[in-house]
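Student: Summarising the annotation, TrEMBL assigns iminosuccinate binding site to 45, 62, 133, 134, 135, 150, 219, 220, 221, 236. The [4Fe-4S] cluster binding site annotation in TrEMBL covers 107, 193, 287.
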Ligand code: 13P
Ligand code: SF4
């Protein structure tokens with residue numbers, strides 16, 4: 001094991017607890033200084049904390065961030081999101097060093113499916129192709145024929161001949177939703193997002209009753225019953241667009257609450273109500289994984305250029321095929 005691998009292992013087991021941040025340091029100024037000095041680009045997802053979103057060179061949904069990673073000229077990609085997103089950046093742009101503030105920033109959807117399990121599963125359906133949601137690890141991407149995100153899934157699935165049998169992994173909620181809008185009968189893997197499954201139908205119905213002019217907007221990772229109640233369903237970028245352009249002035253937002261930071265900026269005069277979750281002691285719909293990234297960890301990560309995303313080359317090349325198909329098939333999607 002070389003020094004970088006050793007340090008990465010230490011970070012993964014002990015986190016940053018042994019690493020001191022000098023007292024009184026201006027983290028934002030230091031991050032900005034390192035960004036210039038190291039020719040780094042900071043990519044952040046809409047579910048990151050507001051302070052991280054404000055520092056990002058590119059803020060976006062999974063598709064926009066994958067595209068930004070593909071075309072960057074930076075030497076260092078600092079990915080403020082979850083592991084599968086940083087891994088995707090490395091698969092697409094392998095000559096760049098990709099770092100993620102906290103490698104424990106996982107995803108319940110990615111955890112729900114492994115490449116090996118998917119390989120076994122598809123043996124039952126020899127004439128089916130596998131379409132996987134980008135929220136999966138490299139081994140699942142390598143076993144898939146096409147990757148989709150919530151922004152391009154409908155478009156890509158509609159481009160596949162109707163008679164072609166499809167296995168859709170790993171999100172059963174997004175899969176069910178796509179079956180409905182694309183009029184397909186895809187075979188669904190049984191995974192889900194713990195954040196989007198935590199919403200409470202009863203409490204949201206109550207919020208709708210209390211705010212009769214508000215429109216309910218939801219991410220397609222949410223459960224069927226909630227999606228049925230929604231006025232609009234879309235990826236994070238589509239939800240943002242909708243709130244900005246729609247005539248309504250009030251919205252109940254059923255996705256991870258980090259999105260409100262950007263929504264408030266683009267629609268400052270609209271009332272944005274975070275949809276309530278089942279746990280009554282908690283108002284929020286936070287993704288624990290996304291919020292593992294903090295300003296302190298971002299600073300340390302840029303300082304030490306660790307933890308770095310490393311992928312075995314054969315695996316990377318297989319995963320790249322399915323990602324390239326996605327990029328090709330969704331060229332016309334904004
Ligand atoms: P999008 O931003 O692509 O809609 O994805 C949502 C999500 O759950 C990311 O983990
Ligand atoms: Fe995964 Fe859900 Fe968190 Fe997105 S919000 S990273 S799908 S656990």
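The backbone N, Cα and C atoms fix where each Cβ goes, and this holds for glycine too.
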Student: Let me know the largest Cα to Cα distance in Å among the iminosuccinate-binding residues 45, 62, 133, 134, 135, 150, 219, 220, 221, 236, as an integer.
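Tutor: Maximum Cα-Cα distance: 17 Å.
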Student: Just jot down the residues in the same chain as residue 287 ([4Fe-4S] cluster binding site), at least 6 apart in sequence, with C-beta under 8 A of its C-beta; none if empty.
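Tutor: Listed in sequence order, they are 47, 82, 195, 256, 258.
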Student: Give me the Cα-Cα distance between residue 133 (iminosuccinate binding site) and residue 107 ([4Fe-4S] cluster binding site), rounded to a whole Å.
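Tutor: Computed Cα spacing between residue 133 (iminosuccinate binding site) and residue 107 ([4Fe-4S] cluster binding site) is 12 Å.
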Student: Which number gives the other C-beta atoms within 10 angstroms of the C-beta of residue 45 (iminosuccinate binding site), all protein chains shown included?
Tutor: 26
Student: With DSSP assignments reduced to helix, strand and coil, which class does residue 45 (iminosuccinate binding site) get?
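Tutor: DSSP assigns residue 45 (iminosuccinate binding site) to strand.
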Student: DSSP secondary structure for residue 133 (iminosuccinate binding site), reduced to helix/strand/coil, please.
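Tutor: It is in a strand.
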Student: Can you list, in sequence order, the residues of the same chain other than 107, 193, 287 whose CB lies within 8 Å of the CB centroid of the [4Fe-4S] cluster site?
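Tutor: Here the non-site neighbours turn out to be 82, 108, 109, 135, 194, 195, 196, 221, 256, 289, 290.
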Student: Can you give me the Cα-Cα distance between residue 107 ([4Fe-4S] cluster binding site) and residue 219 (iminosuccinate binding site) in Å, rounded to a whole number?
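Tutor: Cα to Cα, residue 107 ([4Fe-4S] cluster binding site) and residue 219 (iminosuccinate binding site) are separated by 16 Å.
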